[in-house]
Amino acid sequence: MTVYESDLPGVGKKFEVELEDGERLVIVTHNTGKREVYLKANPDADGDKLFEVSDRLARKIGTILEGAYFQPVQAEAVETMLSDDTYLEWYNVSESAEIAGQTLEEADIRNRTGVSIVAIQRGGDLISPPTPETVLEVDDTLVVIGEREECAEFETLLGDEV
Amino acid sequence: MATAESTALIDVGILFGAVALAGLVANRINQSVIPFYILVGMLLSEYVVGRVDFPALLGTDSIPHGSDLALANTDFVHVSAEIGIVLLLFFLGLEFNLDRLIASKERIGKAGTVDLAINFGAGLLLGYALFGSFLAAFLTAGIVYISSSAIITKSLIDLGWIANDESDAMLGSLVFEDLFIAVYLAVATALVLGGGAVGEALGRIGVAVGFILVLLLLVYLGTEWFQRSLETDSHEFIVLRALGITVLLSGFALSIGVSEAVAAFFVGMAFSSTEHVHDLENLLEPLRDAFAAIFFFWIGLSTDPSLFLGVAGLIAVAAVATTPTKLLSGYLGGRIYDLSERRSVRVGLGMTTRGEFSLIIASLALSGAGTALPEPIARDVYAFAVGYVLVMSVVGTTLMQYSSTIESVVVPRLEAGIGSASPSSDD
């Protein structure tokens, strides 16, 4: 696979990626950060524009393509509402989380925030229900149930303020 | 009766409103905005609205008429237009990366030289035939040589050609033209402001060259200073400092008889090697576009469309003569870039658009009226340039839009011709 790079003075940069069957993926990175993605049926064909995305979205898509994207469920992004004000949410335990390395008993999450941890996803395993002795590890995904306020409170324990 | 002061703000409001509306219309009908900015300026000028006698038409005195109704060509408009020129060239400099140019100097150099020789040469001949003086011919050559970076780049993106191979050849040729035009403007400004006398013009060219050398030295040695000059987290300060440096240096250049555009180009180049390029592009682009719009509007405002009658023949001759020259030079440029017949034809179609730089040369011609150029010739060159840009910007964008139709007609013939001569030459 070859990637061709060229400058587009006044516009930005162009990358052409050789795909299978002679197809080419053309990515134009504008100076503004905007990316335009084109597909060419063969090296000599005109590009068909597939989509354009902002700088931020492009980076996110890039990490997904790379297989490096693991940032389960941001609270705002996906949340399941059970009733009027009760949410079922997923949180990731990051390095910076205050509760990482503590047992559920030590972390005392229910008393401090009001939310309950109903399950923990660890690698391929599901720990449900967790016991007071269960240790919270970095990269665990916590399935949490609680009211909106309580969930917000819980997020502060994770250290990734929103 | 309203005083000049009390109407100044509303005048500027009308200006922006009219330009915004012109942009909207241009966008709706898929045309470049530049000719529309010029046309709306012309419409609101003393030459068009100013000549309409509404009260007589409607039988009432309550409507202002004549020059009261027209938008005055005030200092504000003129200075804003100058800032537009300065920012246009500043951005050229900013985009102009010496390393990149050197990296692909061979192709850019070859394609650019072909473009220059054919179009500048044709322009010189044409200008001399039309106006009969060397300076007028020199200005005409610049006007018909330089393609419009702004319109072409935007069309490339709009049409999706930016992803295709022809974009390299087109943008490469534009870079060559832009670099040439920086030098050209320095010489042309010196000639025009030098009043036509050879001795004085030479003196001014000396000053201009000296100034450019100083600027180059500044660019070369001053990277660190330029880097530090914008070292701040505040967007506000970056914009103010960049404008402070650029406009001040450009103004200083003009005050000693050197082209402000050239100074702005080199200041842009100086910033291009700092880490602030991205910020400057993002923050100053809207400013550039706003002031450039005023520049085009001002061009219209200063144009008496009735002068077009006198130069309509010249414009027609130039359009007919210089569309093929760009088609040819673009085609050859495409071949130098090893593009196929079809794409080379497309490069030619794309390069025919003339725009902002031709107008900068036109405004330069106007400033030499009565000194370097006899008043009527200066007026003719100016009206010619404006009319020519109006025609060529529409012709160019239209050629690009209908390129697939044109290609399907032209390319088989070219291939047949070339094919019989040298069968293996097509890619």
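Backbone N, Cα and C atoms are what each Cβ position is placed from, and that goes for glycine too.
Annotated domain 'Cation/H+ exchanger transmembrane' per TrEMBL: B:19-398, in sequence order.
Residues annotated as transmembrane segment in TrEMBL: B:6-26 (among others).
Under 8 Å from some Cβ of the transmembrane segment (B:33-50) lie the Cβ atoms of residues 14-15, 18-19, 21-23, 25-27, 66-67, 69-73, 148, 150-151, 293, 296-306, 355-356, 359, 386, 389-390, 393-394, all in the same chain and six or more residues away from its ends. Among the features that TrEMBL reports, transmembrane segment is placed at B:33-50 (among others).
Per TrEMBL, transmembrane segment is recorded for B:76-96 (among others).
Positions annotated as transmembrane segment by TrEMBL: B:116-146 (among others).
Taken from TrEMBL, the feature transmembrane segment applies to B:179-198 (among others). Counting same-chain residues at least six beyond the ends of the transmembrane segment (B:179-198), those with a Cβ under 8 angstroms from any Cβ of the stretch are 89, 92-93, 96, 101, 112, 116, 135, 138-139, 142, 145-146, 204-205, 207-209, 212, 257-259, 261-262, 265-266, 357, 360-361, 364-365, 367-368, 371-373.
Positions annotated as transmembrane segment by TrEMBL: B:205-223 (among others). Same-chain residues lying 6 or more positions outside the transmembrane segment (B:205-223) and placing a CB less than 8 Å from one of its CB atoms are 183, 186-187, 189-191, 194, 249, 253, 256-259, 262-263, 266-267, 269-270, 273-274.
If you look at the transmembrane segment (B:243-271), the same-chain residues 6 or more away from its ends with a CB under 8 A from one of its CBs are 82-83, 85-96, 98, 182-183, 185-186, 188-190, 193-194, 204, 207-208, 211-212, 215-216, 218-219, 222-223, 226, 229-230, 277, 280, 284, 287, 360, 364. Taken from TrEMBL, the feature transmembrane segment applies to B:243-271 (among others).
Taken from TrEMBL, the feature transmembrane segment covers B:349-369 (among others).
The transmembrane segment annotation in TrEMBL covers B:381-400 (among others).
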Who are the chain neighbours of the transmembrane segment (B:76-96) in space, where the CB to CB distance is under 8 Å and they lie at least 6 residues beyond its ends?
8, 12, 15, 149-150, 175, 178-179, 182, 246-247, 250, 260-262, 264-272, 277, 280-281, 284-285, 287-288, 291-299, 301, 356, 360, 363
